[in-house]
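Colleague: Not my notes, these are from Swiss-Prot:
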ACT_SITE  Cys161  active site, for beta-ketoacyl synthase activity
ACT_SITE  His296  active site, for beta-ketoacyl synthase activity
ACT_SITE  His331  active site, for beta-ketoacyl synthase activity
DOMAIN    1-402  domain 'Ketosynthase family 3 (KS3)'
Amino acid sequence: MRRVVITGLGIVSCLGNDKDTVSANLRAGRPGIRFNPSYAEMGLRSHVSGSVDLNLEELIDRKVFRFMGDAAAYAYLAMEQAIKDSGLTPEQISNPRTGLIAGSGGASTLNQMEAIDTLREKGVKRIGPYRVTRTMGSTVSACLATPFQIKGVNYSISSACATSAHCIGQAMEQIQLGKQDVVFAGGGEEEHWSQSCLFDAMGALSTQYNETPEKASRAYDAKRDGFVIAGGGGMVVVEELEHALKRGAKIYAEIVGYGATSDGYDMVAPSGEGAIRCMQQALATVDAPIDYLNTHGTSTPVGDVAEIRGVREVFGDKAPAISSTKSLSGHSLGAAGVHEAIYCLLMMEGGFIAGSANIDELDPEVADLPILRETRENAKLDTVMSNSFGFGGTNATLVLKRWQG
């Protein structure tokens with residue numbers, strides 16, 4: 001079986017818009033969650049979010065940007081970073097052996113809303129020709145593959161909050177099967193009240209910490225009350241090992257495990273059993289102990305406990321250090337999987353583990369496991385696991401191992 005490594009990364013998030021800033025904020029335990037005035041103005045019960053601070057029109061050429069909503073734009077900027085980080089040449093990028101798998105959870109509800117408003121107020125001819133590419137399910141892969149001249153595989157996966165983790169896993173499998181040598185993998189997510197209101201309406205978002213936004217996302221705290229929605233994008237360069245070595249690439253880690261399962265249980269409530277099978281599937285190809293687990297840990301009362309019960313079942317009394325970076329970053333939905341894979345890579349590189357922030361009182365249901373509440377320095381991370389689960393009972397687990405050379 002061909003071995004697969006990660007040789008580049010790029011990130012746009014509420015924790016920063018480059019890897020160094022993100023790493024520093026993770027290490028310092030600085031959350032990126034703020035008060036969102038538009039949520040309050042529109043009457044949402046949740047007034048907090050993890051918003052990206054960028055002027056997209058200034059950063060992306062107009063001829064490229066006109067086809068994009070925010071999700072695609074965030075992923076585009078992340079891909080620019082990942083390409084630079086990887087050292088790939090234009091000839092290696094635009095090559096039949098180089099592909100792209102990237103998606104989002106919700107494309108662009110803002111553009112859908114604006115198109116409908118235009119239809120009602122001015123008629124169909126005034127909608128314009130660019131709304132389709134901004135709102136279609138494959139907007140992220142389409143809006144990246146064209147400007148970057150991708151010639152290999154080119155498609156999106158949309159699997160709710162597991163989206164970009166599945167994209168990374170699928171990229172690994174494309175390379176293992178010999179169909180590609182390099183695959184850009186990841187995703188993006190727009191953060192706008194037009195999508196956030198849907199989660200607010202179902203009672204999924206945090207509402208009790210509007211006056212203290214930085215404390216609203218609090219996985220494993222006894223008084224957590226829902227997740228904090230976020231936006232952003234991330235891309236990683238997934239590459240066949242020998243191809244990477246031949247060109248002298250920097251190797252962040254080897255992807256040694258990938259699990260993908262379905263609960264087959266409930267549309268929104270996790271079974272826990274599906275997550276167990278997912279982690280077990282990912283671990284089946286791993287020959288080393290897990291040093292750190294970045295949980296899905298969204299700060300919901302039900303979801304956090306269900307996942308931890310699964311962790312207990314999989315690891316027994318040998319559970320690794322555990323934290324949820326969503327306590328700092330919020331939940332970027334379709335971008336969460338790649339964001340958290342990147343967080344793991346940055347922690348592995350920097351020798352630290354970001355703690356689960358805002359745990360004032362640890363939930364008794366999870367108190368028997370080694371959940372870190374503060375940053376752990378001088379952490380030797382050789383093998384790490386990251387979980388991403390989504391509505392509809394979809395699950396993804398990635399295991400990354402330090403490349404020893």
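Cβ from N, Cα, C; glycine included.
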Colleague: Which whole-number value in Å describes the distance between the Cα atoms of Cys161 (active site, for beta-ketoacyl synthase activity) and His296 (active site, for beta-ketoacyl synthase activity)?
Modeller: 9
Colleague: Any idea which of the active-site residues Cys161, His296, His331 has the thinnest Cβ neighbourhood at 10 Å?
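Modeller: Counting other Cβ atoms within 10 Å of each of the active-site residues Cys161, His296, His331, the minimum falls on Cys161.
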Colleague: Between His331 (active site, for beta-ketoacyl synthase activity) and His296 (active site, for beta-ketoacyl synthase activity), what C-alpha distance do you get in Å?
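Modeller: Checking the Cα atoms of His331 (active site, for beta-ketoacyl synthase activity) and His296 (active site, for beta-ketoacyl synthase activity) gives a distance of 9 Å.
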